[in-house]
Amino acid sequence: MPERIFNFSAGPATLPPEVLAQASRDLVNYRDLGMSIIEMSHRSKDFIAVTEQAEQLLRELLDIPANYQVLFLQGGASTQFAMIPMNLLGAGKDKKACYLNTGVWAKKAIKEAKLFGEIDVAYSSEAEVYNHVPADGDYQVDDKAEYLYFVSNNTIYGTQFQSFPATHVPLVCDMSSDILSRPFDIRPFGLVFAGAQKNMGPAGVTTVIIREDLLDRAPENLPTMFKYRTHADQGSMFNTPPCFAIYVVGLVLEWLKNLGGLAAIERINKEKAALLYDTIDRLDFYRGHARRDSRSLMNVTFNLPTPELEAKFIQEAAARGMSGLKGHRSVGGCRASIYNAFPREGVEQLVEFMAEFAKNN
Ligand code: PMP
């Protein structure tokens with residue numbers, strides 16, 4: 001068995017080996033300070049520099065304008081499902097927002113938002129097992145909506161918006177499973193958030209990028225920890241931040257910058273995904289779950305002729321050092337998650353195995 005296997009997990013997901021090596025060195029002795037990165041005060045100048053560096057790299061990579069704040073929060077992406085409507089619907093007279101239901105993560109966000117306002121679900125692909133995302137003309141956005149909420153990449157179903165909704169209201173987006181995988185213009189967005197554990201680093205930190213004018217929409221009586229303003233004013237240090245996770249995110253961002261940034265990683269991601277989709281389309285044996293116009297570069301979902309063959313496929317792949325290929329429990333089938341850090345050689349090995357398995361079965 002090789003030391004590291006090809007890990008197709010949907011998240012927490014594979015990270016660059018050089019990042020892991022650096023993190024393990026710094027875990028014992030950070031920059032010869034004689035202490036670990038996780039033992040120092042979050043208010044020390046060394047750790048503040050780590051946070052500032054991570055923010056700076058993120059600003060650079062995503063080309064974030066000065067009128068946006070970058071926050072590093074806890075509670076996972078799921079906490080944002082509630083924090084967004086709590087803050088952004090708070091002062092709106094109509095307390096209205098528009099949501100696109102393109103999967104379980106969108107649906108969970110809708111459920112939370114309904115606790116705080118009037119939520120218009122302008123589109124749903126639930127009846128088709130979320131096999132696609134809508135195009136602009138497929139839904140209407142209420143003029144009174146404070147924002148349009150959508151999930152750019154639907155991790156479970158392997159669908160992804162190829163372009164972002166064009167609308168007059170601010171966009172709010174869950175980019176947990178595709179942030180930093182391709183360049184995009186953040187200016188139409190009021191808020192973008194992402195849990196780190198797919199494309200950015202380990203679990204434990206959620207990045208929120210919020211336009212400054214949205215910071216003060218929260219009602220007065222919102223608890224301090226739930227106000228974006230609190231975290232924005234304190235440089236994400238109102239309380240102890242998830243130090244280690246932020247530090248590893250910084251290393252991942254540095255790795256990405258050295259690789260050539262988002263244009264370079266998008267090229268690599270497209271090549272990796274094409275290898276898999278070409279195999280699915282070429283061999284009659286496999287059936288892709290996502291509609292072609294909605295296919296994700298990050299999560300490639302497919303079925304085999306029977307659940308028994310799927311189980312055999314997953315088992316044989318694991319025996320060859322390819323793990324994490326089982327689809328999400330809610331849809332079954334197979335899923336290859338190939339985020340930024342997933343190596344091309346792993347995809348090449350998988351498509352080779354797919355061809356062989358189709359021939360032998
Ligand atoms: N949104 C998306 C798109 C996800 O894929 C996930 C997790 N897989 C979540 C939200 C939930 O993230 P967390 O577990 O950090 O709350």
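Every residue, even glycine, has its Cβ placed from backbone N, Cα and C.
Per TrEMBL, the feature domain 'Aminotransferase class V' maps to 5-350.
Reduced to three states, the DSSP call for R43 (L-glutamate binding site) is coil. For R43 (L-glutamate binding site), applying a Cβ distance below 8 Å and a minimum sequence separation of six or more within one chain yields M237. Per TrEMBL, L-glutamate binding site is recorded for R43.
If you look up TrEMBL, you'll see A77, S78, W105, T155, D174, Q197, N239, T240 marked as pyridoxal 5'-phosphate binding site. W105 (pyridoxal 5'-phosphate binding site) carries a helical DSSP state (H, G or I). Annotation for W105 (pyridoxal 5'-phosphate binding site): spatial neighbours A77, V151, N154, T155, I156, D174, S176, criterion Cβ-Cβ under 8 Å with sequence separation of six or more.
Neighbour density for K198 (N6-(pyridoxal phosphate)lysine): within 10 A of its CB lie 30 other CB atoms from the protein chains shown. Marked as N6-(pyridoxal phosphate)lysine by TrEMBL: K198.
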Item checked: Where D174 (pyridoxal 5'-phosphate binding site) sits in the secondary structure, as DSSP reduces it to three classes -> strand
Notebook entry, point to check: ligand 1: which of the recorded positions A77, T155, K198, T240 have a Cβ closer than 6 angstroms to it?
Noted result: A77, T155
Next item on the list: Restricting to the same chain and to sequence separations of six or more, state which residues have a Cβ under 8 Å from that of Q197 (pyridoxal 5'-phosphate binding site).
Entry: G11, P12, A13, A203, G204
Note to self: To the nearest Å, how far is the Cα of S78 (pyridoxal 5'-phosphate binding site) from the Cα of K198 (N6-(pyridoxal phosphate)lysine)?
What the structure shows: 14
